[in-house]
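To start, I am sharing the structure in question, which I have written as structure tokens.
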Amino acid sequence: MGDAPYTVRPIGEAEYPAFWDVLMESFGVTRPIENREANRPLIDFDRTLAAFDDRLLIGTAIAHAFEMSVPGGVLPVAGITKVGVLPSHRRRGVLRAMMRRQLTDLHERGEAVAALFSSSGGFYQRFGFGCASRDMAVRVRRGESAFITGAPGEAGRGGGHGLRLTVADPDEAWPRLSAVYDAQLAGRPGQFARNGAWWHKRLYHREPNALRCVIAEDDARARGYALFFVEQRVTAERIPDDQISIMELVAVDPSAYAALWRHLLDRDLASAVVAARRPVDDPLLHLLADPRRLRAQVNDGLWVRVVDVDRALQGRVYGCDIDVVIEVHDPVCAWNSGRWHLSGGAAGARCERTMRSAHIAMPIHILGAAYLGGVGLQGPAQAGLVRELNAGAVDALSRALAWDPAPWCPMVF
């Protein structure tokens, strides 16, 4: 079935309000004009797409130009977002038309990888996206947060290791926060670099002074920070029952990390600390004296699409030497279908088309899921989605792709 005959094109700046209105209607939400305008500085209008039914704007999509951490470095990645279709035009091929156009545009620009957060788990696999990272929603109750003996530096109680904790205005402190974030970015796949506009977006909140910030620092530099909200609550018996919600907690070393968590867990009047998006291998799992007290729910995180197999596989390094021929099936981006010879290791890799016999075969969404190193190939193979054509190929490629620490993206873009 071909794409429906809709016009799909970038919008001009004058069309942005209509674009925003369609996006809001597609999700069934209402956001103030201030929110719309807070997003405007982030948008390169040449990288927008809108679908039109005659003159009626019915679908929206944006591809931000990011630099994102991948195993061994940082790679240009398209951050797909603001994807929506008017409810009156769903199930008519509008999303398919926009996604095909968007992926073709990325291919022609030479952008090898795309990534997104999905509002529904089943939307994007059909377009070649695979779930490449997972994250945890966590909750720790007061009185259940003791750290193990030997946790770094008497964390939060006078600092330890030369640390002090400083309360800061996040809008004024963002250059210090940015220095911490940038210092740790390349160490964990899945994070994207932020410029000033993206930091403004991260710190934007409609309620003045609602977002709070604490920085772990020494005399030389900031070494970590936490951004959080305090929801003030009280029980019917007038017992304080505040909840602290962590938006982001990042540190460059174990002492700063532990000090920040200890500070939040020990705040007066709070009965619980929650965080909606933490890495699945969060060090807090190892710091708590009773890890069962960390109540966690694992969710899908970043979805990755390999737009160009050769450039994507050459754009990261590998955990061990690998020499394998991969047969890729990609019904959406036909330029990817075929056999690819991947060879390389910790210093880099080469990937090129080949006529040699394949050792392993997989659909493009499985390659996307495995790309950041957090998803192995044995599970998809046991599910019948990866075919081993040469003995040992699944294990060899899975070990080469694997990466520690697990991929994680702390901010939904």
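Just so you know, glycine gets a Cβ as well, placed from its N, Cα and C.
Per TrEMBL, the feature active site, proton donor maps to TYR124. Look at TrEMBL and you will find PHE413 tagged as active site, proton acceptor. Residues annotated as acetyl-CoA binding site in TrEMBL: VAL83, GLY84, VAL85, ARG91, ARG92, GLY93, VAL94, LEU95, ARG96. According to TrEMBL, the domain 'N-acetyltransferase' annotation covers 6-154.
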Where the distance is taken from Cα to Cα, which of the recorded positions VAL83, VAL85, ARG92, ARG96, TYR124 turns out closest to the residue listed as 'active site, proton acceptor'?
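Nearest by Cα distance to the residue listed as 'active site, proton acceptor': VAL83.
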Note down the number of other Cβ atoms within 10 Å of the Cβ of VAL85 (acetyl-CoA binding site), including every protein chain shown.
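Around VAL85 (acetyl-CoA binding site), other Cβ atoms within 10 Å: 23.
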Work out the three-state DSSP category of the residue listed as 'active site, proton donor'.
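For the residue listed as 'active site, proton donor' - judged by DSSP and reduced to three states - the answer is coil.
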Between the Cα atoms of TYR124 (active site, proton donor) and VAL85 (acetyl-CoA binding site), find the distance and write it as a whole number of Å.
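That separation, Cα to Cα, works out to 14 Å.
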What are the DSSP helix, strand and coil residue counts for the domain 'N-acetyltransferase' (6-154)?
53 helix, 53 strand, 43 coil
Restricting to the record's acetyl-CoA-binding residues (VAL83, GLY84, VAL85, ARG91, ARG92, GLY93, VAL94, LEU95, ARG96), give me the longest CA-CA distance in Å as a whole number.
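Site span for acetyl-CoA, by Cα atoms: 15 Å.
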